[in-house]
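Asker: In case it's useful when we look at the structure, here is the feature table from Swiss-Prot:
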BINDING   205, 395  ATP binding site
BINDING   216, 218, 395, 417, 435, 552  UTP binding site
BINDING   216, 218  Mg(2+) binding site
COMPBIAS  266-276  compositional bias 'Polar residues'
COMPBIAS  283-299  compositional bias 'Polar residues'
COMPBIAS  314-335  compositional bias 'Basic and acidic residues'
COMPBIAS  671-689  compositional bias 'Basic and acidic residues'
DOMAIN    56-128  domain 'RRM'
REGION    114-144  region 'Disordered'
REGION    226-247  region 'Disordered'
REGION    259-335  region 'Disordered'
REGION    601-869  region 'KA1'
REGION    640-689  region 'Disordered'
REGION    735-757  region 'Disordered'
REGION    775-796  region 'Disordered'
REGION    803-822  region 'Disordered'
ZN_FING   16-46  zinc finger
């Protein structure tokens, strides 16, 4: 029980955290269930096993290189049983000897001097290090120091600078790239000895311009028959053998290396050749994480549109001849598979026995693209070698070309990968892999107006002589040099493109269309379409076509739940990008820009996406009633700001922020889709001239603050949004509130317009939503005893709720704004077009927002009904 107590930490609100498994539970029963679960029990057993092994082991050095484990075992058996010996196979300078019991270890250590074959041995206890659970390790590509990331992003000048800084923090350093080049050169040198004329091509994250710290090293071993003869410009030059050996020599302390904790499926420490073969084959998933950047993310099927047509000769063959040739083809295919499997085993044997520093080698012939997985100890890299993945090589070159064509591609992809990872949208299984997410970003950039990137079909047409390539029957032709292509005329800033991406994806028909990068537009999956046109293409909840292998839906593994969650998260992110918190750097030290987007998803953020319905009443009256409910009934402190509008037809370029705080009107676009018209360059959520205004009320926002963002003349500034303004607006036309841009002329001749979306920042110092029913019942009983009836009008109901709030606050809390920080603060946003209210947390250090949001979902609709009746 003591061990369990040391693993469990109590958290606020009755929650618990298991530090061993890196798991947080909501209550004590959930904690008890976790502690009895298989994951926790396995890790407890693994920790005990590692500790026992360490207590039985000794570190041995000083023996000659030609001494093997058998000789060491024979010597140490004189002191007691030997359970295991782990040799340093690379340099042969140390070994870990695990004795059968502690008494045998003590007998070894009690011997003052040890010698073997005339050489003195240095024997000392194995260093004991704190057990590190595999669950507590940082995900690949995530900076271990989150504080450094937060600080760097907070100090950036704007959102675009934050995105560029994120790339700098996550991309490989020059030293890491050189190390990978050395490993590739080492592989090239070794494989050339066995396969003269072969070429080792790196692909995936290493060369597609979207590398991150710790990404896998994916290699394609080309045995020949390449369509293009010139060498890969990204392939490293092979240095001399001596320089390779010295460059890859490990500088790690062997004692520390041997004591480094491993995952539950790893061996004790750096294993010998025999141990790597015997220990690792049971656990194919543990060897090296699959690289999503390669085209191996999901299963592929045969192409519908792009399958080569059946020739007339084949159609005229007789059935008997067809059957005979089918049998011959099956036999030939079987022979080819057996031959490929034999070559794969040969490659694995070469890696095991001939490449210094390589261990945990495993052949995986059953994969869609058969590979040999390996680990390289001196560099710490995981990787795989494939023999038939030339298409992925061109996919990587295509991604690299896209990043070279426009400097905004890399920051946008890095930011969205990080956002998806922190929101649990990318990864293995049913989640989006990085390759699919990158293609989704490229598709989005193809659909801008004007486009940021050309379509694949346009790139194919611009391929020059010598760049026409066909791989596995697919056209992979595109220019190699981005400087030959005309730059995009789209000059939108990164912050605007990021906001547009969220708006675009949240409105896409992911299941009813096929997003085609070759065409740069969605191909509608209409009902009644002949099945033979789609034969081989695996349609699903999300359909994203590979740029070259048109039979491959790179998002075929994504489930309906994940696709729906992707669009939900994009919708919430799009709403956030319309706020000043995204657009402006905080002067009060609060998170701004990218930082809230990159925070892990929480119950608060998920709840903020749930909408609260508003009654179908004139919007100015609804706004006024909402203010009364928040301020009078609940005692919220609402900090006011300025209401502003922009001139009609204002373009994105008029604002340094690209107008991302506007809400778009998409009626015209939706109509065009209903009529069956193509919208090849458009995407729902894009900026257009037909936009409606959004009014935002921000904390302590002054006209001077707005002048920094607004390019219009000062006389466009409108008065504060107060109850008097709302009263006048309602009196002006109580039954038909006007949308911005549709105003009428008042007595002064100036246009009177009403916003279509209003936001408030609210702060609470007391938990006025808890115990409210009990307090109301008590006050109603007092009113009844005094001979007064219950509330019959909206004003009486509001007065009663204000008394309930005061009762919950206590007798000594009559100040509108008490001193000190509020208990929590939130943003309430009302939308006229959607007739909904969105509530999102701003500051919630105690985790109280979920309870408040649950209360508001039932309280707000009933309160507005009472006030507006």
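Cβ atoms here come from the backbone N, Cα and C positions, even for glycine.
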Asker: Take the zinc finger (16-46) and count its residues per DSSP category (helix H/G/I, strand E/B, coil), listing them in that order.
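Answerer: With helix first, then strand, then coil, the zinc finger (16-46) has 17 helix, 6 strand, 8 coil.
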Asker: Would you mind pulling the DSSP three-state label for residue 552 (UTP binding site)?
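Answerer: Looking at the DSSP assignment, residue 552 (UTP binding site) belongs to neither helix nor strand, so coil.
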Asker: Determine, using Cα-Cα distances only, which of these binding-site residues is closest to residue 395 (ATP binding site): 218, 417, 435, 552.
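Answerer: Of all the candidates listed, 435 is nearest in space.
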Asker: Let me know the DSSP-derived helix, strand or coil state of residue 205 (ATP binding site), please.
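Answerer: Going by the DSSP assignment, residue 205 (ATP binding site) falls within a helical segment, counted as helix.
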Asker: Counting across all protein chains shown, how many other Cβ atoms sit within 10 Å of the Cβ of residue 216 (UTP binding site)?
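Answerer: I count 21 other Cβ atoms within 10 Å of it.
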Asker: List the Cα distance (Å, whole number) between residue 552 (UTP binding site) and residue 205 (ATP binding site).
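Answerer: That comes out at 20 Å between the alpha carbons.
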Asker: As a test of the contact definition, list every same-chain residue at least 6 positions from residue 417 (UTP binding site) whose Cβ is closer than 8 Å to its Cβ.
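Answerer: Counting only residues 6 or more apart in sequence, the Cβ neighbours of residue 417 (UTP binding site) under 8 Å are 210, 426, 434, 437, 438.
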Asker: Would you list the DSSP helix, strand and coil counts for the residues of the domain 'RRM' (56-128)?
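Answerer: With helix first, then strand, then coil, the domain 'RRM' (56-128) has 18 helix, 27 strand, 28 coil.
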Asker: Rounded to an integer, what is the Cα-Cα distance in Å between residue 216 (UTP binding site) and residue 205 (ATP binding site)?
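Answerer: Between the alpha carbons of residue 216 (UTP binding site) and residue 205 (ATP binding site) there are 7 Å.
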Asker: Could you measure between residue 435 (UTP binding site) and residue 205 (ATP binding site) for me? Cα positions, answer in whole angstrom.
Answerer: 9
Asker: How many helix, strand and coil residues does the region 'Disordered' (775-796) contain under DSSP?
Answerer: 14 helix, 0 strand, 8 coil
Asker: Across the listed UTP-binding residues, 216, 218, 395, 417, 435, 552, what is the farthest Cα to Cα distance, given in whole Å?
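Answerer: Overall maximum Cα spacing for these binding residues reaches 23 Å.
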Asker: Quick check: in three-state DSSP terms, what is residue 417 (UTP binding site)?
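Answerer: In three-state terms, residue 417 (UTP binding site) counts as helix.
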Asker: Using DSSP reduced to three states, classify residue 216 (UTP binding site) as helix, strand or coil.
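Answerer: It is coil.
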Asker: Residue 435 (UTP binding site) has how many other Cβ neighbours within 10 Å of its own Cβ?
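Answerer: A count of 28.
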Asker: Average pLDDT across the zinc finger (16-46)?
Answerer: 86
Asker: Cα-Cα separation of residue 218 (UTP binding site) and residue 205 (ATP binding site), in Å?
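Answerer: So the Cα of residue 205 (ATP binding site) lies 8 Å away from that of residue 218 (UTP binding site).
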